[in-house]
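K.L.:
Please read through the structure below; I'll follow up with questions.
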Amino acid sequence: MSERKPSLRAGGSAQSRFQVDVVTEGSSAAPDTAKSDSVSLHSTGTGQTHISDSHSNTYYMRTFGHNTIDAVPNIEFYRQTAAPFGEKLTRPSLSELHDELDKTPIFIKTNSTPLLSPRSTGTLEAKGGAVKFGWVKGVLVRCMLNIWGVMLFIRMSWIVGQAGIGLTIAIILMATLVTTITGLSTSAIATNGFVRGGGAYYLISRSLGPEFGGSIGLIFAFANAVAVAMYVVGFAETVVEMLSDVDALMTDELNDIRIVGTLTVILLLGISVAGMEWEAKAQIVLLVILLAAIANYFLGTFIPVDNKEPKGFFGYHTAILFENFGPDFREEETFFSVFAIFFPAATGILAGANISGDLADPQSAIPIGTLLAILVTGLTYVAVAVSAGSCIVRDATGDHNDTVSDTVNCTDAACTLGYDFSICKEGGCQYGLMNDFQVMSLVSYFGPLITAGIFSATLSSALASLVSAPKVFQALCKDNIYPGLGIFAKGYGKNNEPLRGYVLTFCIGLAFILIAELNIIAPIISNFFLASYALINFSVFHASLANSPGWRPSFKYYNMWVSLAGAVLCCVVMFVINWWAALVTLLIILALYIYVGYKKPDVNWGSSTQALIYNQALTHCLNLSSVEDHVKNFRPQCLVLAGYPNSRPALLQLVHSFTKNVSLMVCGHVRTVRTALSDYVRCRRWLIKKRIKAFYSPVFADNLRFSMMTSLLQAVGLGRLKPNTLVMGFKNNWMTQSFVVKRCSDAFDLQFGVVILRLMDGLDISHIPGQGTSKFLLPLSLTDQRLLESSQMFKKKQGKGTIDVWWLFDDGGLTLLIPYLLTNRSKWGDCRIRVFIGGKINRIDHDRRAMATLLSRFRIDFSDINVLGDINCFCCDSKLSFKELIEPYRLKEDDMEQEAAERLKAQEPWRITDNELELYKTNRQIRLNELLKEHSSSAKLIVVSMPLARKGTVSSALYMCWLETLSKDLPPLLLVRGNHQSVLTFYS
């Protein structure tokens with residue numbers, strides 16, 4: 001059977017406008033195919049999709065009884081990545097549904113490579129072969145292993161001895177409060193859309209944007225890499241202590257720690273590189289050992305042994321409970337110092353989120369696993385604190401002979417149980433909660449199992465960190481936030497394993513293991529984790545505050561103010577743990593934030609920052625609209641008629657020089673041909689790339705003047721953020737552009753100021769091939785070379801020179817304000833303002849002093865004031881040149897009958913009459929050009945008052961001849977005319 005193609009034609013049925021015709025190659029349409037019940041998509045293998053009437057794989061269905069290419073809702077239309085079969089399907093565009101029907105078949109474009117056959121399972125097999133974890137193995141197990149650290153076995157008893165049972169529970173609850181709030185915030189972000197790999201970095205960056213995400217992602221990955229060294233060194237120290245007890249040291253303690261640590265991290269690297277499945281199996285084994293060690297401890301508390309009593313363990317007794325309930329801080333310890341020691345044990349709640357890309361369903365796994373892990377581990381810590389404080393005394397000698405005698409007055413809990421440890425008050429005892437870090441091994445039923453638990457806790461935490469760091473770093477590198485790190489984005493195997501990241505993490509961890517002294521770096525690492533928690537909490541608050549419609553987490557048990565409190569608590573805890581480490585952390589985050597913000601990575605994740613900026617902009621715009629304009633706050637808000645922005649770069653760069661960070665700049669583009677949205681995106685990207693702070697606003701209309709007045713001059717802007725000054729370039733081919741005068745006239749009618757820039761070589765470079773697309777240009781003519789050079793003249797710093805302001809007519813001060821704004825910029829900072837005014841020969845000194853007084857009251861610096869008393873004198877040669885210029889545009893009514901002259905004037909109103917030449921100020925424009933050449937030929941920029949022509953009396957050709965004569969053969973020149981309302985004031 002030959003391939004069949006559909007086409008759409010107008011249907012005669014009263015029920016539908018179109019019919020779906022399925023035709024064979026080279027054949028005519030078959031009308032009876034319109035009875036098909038559904039319409040579906042088939043790929044042609046060329047990135048296009050045909051509409052057919054197949055019932056298999058139906059996407060476009062019969063809607064309300066009509067045959068239509070309108071699509072029914074489908075999840076594939078909302079995906080940002082490829083569909084399961086390899087091609088992303090897209091719904092019909094609005095133009096395909098709304099535009100006039102063509103006789104050619106309609107193709108629905110897709111955004112990727114040819115579609116695979118539905119029978120092909122290559123992609124599915126690749127995706128199905130990847131190892132994905134559920135919430136138990138992927139999140140719960142990892143979080144519990146990370147939270148149950150060595151703190152549980154070797155520091156918990158000491159904390160109970162220092163703070164007492166009551167304050168220890170308070171410490172645990174405070175830490176759990178911070179982690180619980182962070183867990184709730186993590187759950188909210190994780191359920192607000194599909195979560196990919198990257199853990200904390202992904203959650204923060206997609207919520208707060210690349211600046212915060214890129215900052216925290218780098219330090220979070222580094223913290224995990226160094227945490228590998230911390231846990232491995234903790235394991236190595238325990239092993240070396242055991243070797244020391246049996247005199248089996250290889251060299252000395254420090255080097256043995258390095259040797260054992262190096263061998264351990266190599267083993268862990270091998271497990272990680274073997275794949276996530278092997279790593280998960282290793283975590284399960286370690287969890288079983290850890291659970292057995294915890295159970296072994298609790299079992300031992302119920303089996304008191306007589307030979308353990310001299311070392312402080314008596315079993316559960318109320319006397320010990322009451323004695324240990326209150327604090328007994330020693331060695332300058334305080335509540336906060338003890339809290340700082342415990343809190344790192346509560347970290348690790350993001351261990352599951354860090355491998356979000358390897359979870360089968362991150363949206364459900366992260367909330368359930370993380371919160372349940374916090375609950376289980378928190379209860380475990382409380383249970384250990386209560387049990388240790390109820391059966392072990394604070395101090396013990398370990399001597400069986402220290403029993404109670406009748407001659408000694410003893411009131412401690414140990415005394416009621418037959419032992420007198422009062423000698424310990426003088427110091428020197430080695431047993432009890434305060435003195436023996438291995439007291440849990442003493443209490444346990446089988447001591448070596450506690451040692452195995454310590455090994456399990458350290459190795460599991462090290463393994464989790466060794467996996468988390470490369471995963472987070474890989475996600476960061478994929479987003480290309482930091483140029484040069486892209487080589488670490490590559491993944492290998494079915495699980496996209498970051499092998500290069502594993503090697504980098506291994507190298508960082510090994511370097512710190514060889515240092516073998518982590519007391520300085522440890523507080524910074526804890527603060528790195530806390531900074532991540534603070535930003536996660538702040539992300540939820542920020543997203544809720546922005547009130548974006550896209551913030552719809554399915555996890556509802558969160559509150560924006562609770563999240564804010566959690567962020568503040570995390571910052572407080574950072575300073576409680578170590579104030580200088582907190583400062584270092586904040587400075588590093590600030591430096592990275594500034595760097596990423598300066599680089600402005602080309603990403604758009606719909607962050608809450610964008611949503612909040614929109615809310616603030618809308619609020620401030622509304623607030624501005626409720627206040628009347630004031631002259632002190634006037635800003636030249638410019639509508640620049642530049643066409644495509646890259647067509648006239650000199651015009652945009654000059655306007656940007658005096659509007660940047662001061663006022664509004666809109667690049668208006670009147671177009672008579674409607675083009676694709678990609679043109680708009682391309683123009684916006686060009687402005688961003690050139691760092692020009694402006695909006696691009698294209699309009700489409702058949703009539704240039706009509707679109708200008710209705711769509712641009714009147715419609716562009718919002719509230720007070722509306723243009724008040726029209727800026728355009730002077731066209732060298734003004735002879736064929738009569739609507740230029742009409743644009744000025746429309747602007748003046750709407751109370752706009754008008755600014756026209758003229759360069760000697762011109763402004764428009766759009767005809768030069770390769771502009772903005774390639775560095776390799778075709779050979780250019782000398783004229784085009786000069787044009788290219790002049791198009792960049794305002795991009796570079798202007799040297800020492802002058803900006804000559806010819807303020808001939810008072811237009812409200814715009815002619816003076818623009819040069820002043822320019823001199824405030826670094827590019828124009830070396831230029832000085834010279835002012836030229838007209839005057840009478842017998843009043844030159846008086847006029848100069850009056851202008852100096854005015855400028856000083858305006859607080860505008862100037863280098864010189866020149867009063868021109870000879871404006872009305874002119875050269876005959878210049879007048880002859882002007883006559884030659886206007887000759888083609890004259891009506892020459894003396895050479896024809898009156899009726900013919902009137903008819904020609906009606907048909908061509910731009911023609912110049914003899915009466916105009918006699919009545920109006922032509923000679924002044926000729927003389928001004930002579931004076932400009934005489935006084936300002938070396939100026940960096942000339943700003944001159946633009947002449948005005950009354951509507952209906954001066955023809956457009958004469959007015960353009962005035963402008964041509966006034967501005968020709970001069971340095972860069974701005975013709976400026978304000979709207980004759982004050983834009984300067986000397987009142988405070």
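Backbone N, Cα and C atoms are what each Cβ position is placed from, and that goes for glycine too.
Keep in mind that TrEMBL annotations are predicted by a computer and have not been checked by a curator.
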K.L.:
For the transmembrane segment entry in TrEMBL, name the matching range from 557-575, 576-594.
P.N.:
557-575
K.L.:
With DSSP helix as H/G/I and strand as E/B, how many residues of the domain 'SLC12A transporter C-terminal' (648-771) fall in helix, strand and coil?
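P.N.:
Result for the domain 'SLC12A transporter C-terminal' (648-771), in helix, strand, coil order: 48 helix, 26 strand, 50 coil.
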K.L.:
Tell me, roughly as an integer, the mean pLDDT over the domain 'SLC12A transporter C-terminal' (783-988).
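P.N.:
Its mean pLDDT is 84.
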K.L.:
List, by number or range, the same-chain residues at least 6 past the transmembrane segment (284-305) whose CB is under 8 A from its CB atoms?
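P.N.:
Those are 137, 141, 144-145, 148, 152-153, 313-316, 380, 383-384, 387, 391, 440, 443-446, 449-450, 452-457, 459-460, 463, in sequence order.
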K.L.:
Are there residues at least six beyond either end of the transmembrane segment (334-353) with Cβ under 8 Å to its Cβ atoms? List them, or say none.
P.N.:
135, 138-140, 142-143, 145-147, 149, 151-152, 155, 159, 162-163, 167, 171-172, 174-176, 178-179, 182-183, 186, 190, 199-200, 203, 327, 359, 362, 365-366, 369-370, 373-374, 377, 381, 461, 464, 468, 522, 526, 529-530, 532-533, 573, 576-578
K.L.:
For the transmembrane segment (165-195) and the transmembrane segment (442-466), check the count of CB pairs under 8 Å (sequence separation 6 or more) and say whether it reaches 3 or more.
P.N.:
no
K.L.:
Under 8 Å for C-beta pairs, could you tell me which stretch among 139-159, 216-236, 256-275, 528-545 has the largest tally with the transmembrane segment (365-384)?
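P.N.:
By the under-8 Å Cβ criterion, the transmembrane segment (365-384) pairs most with 139-159.
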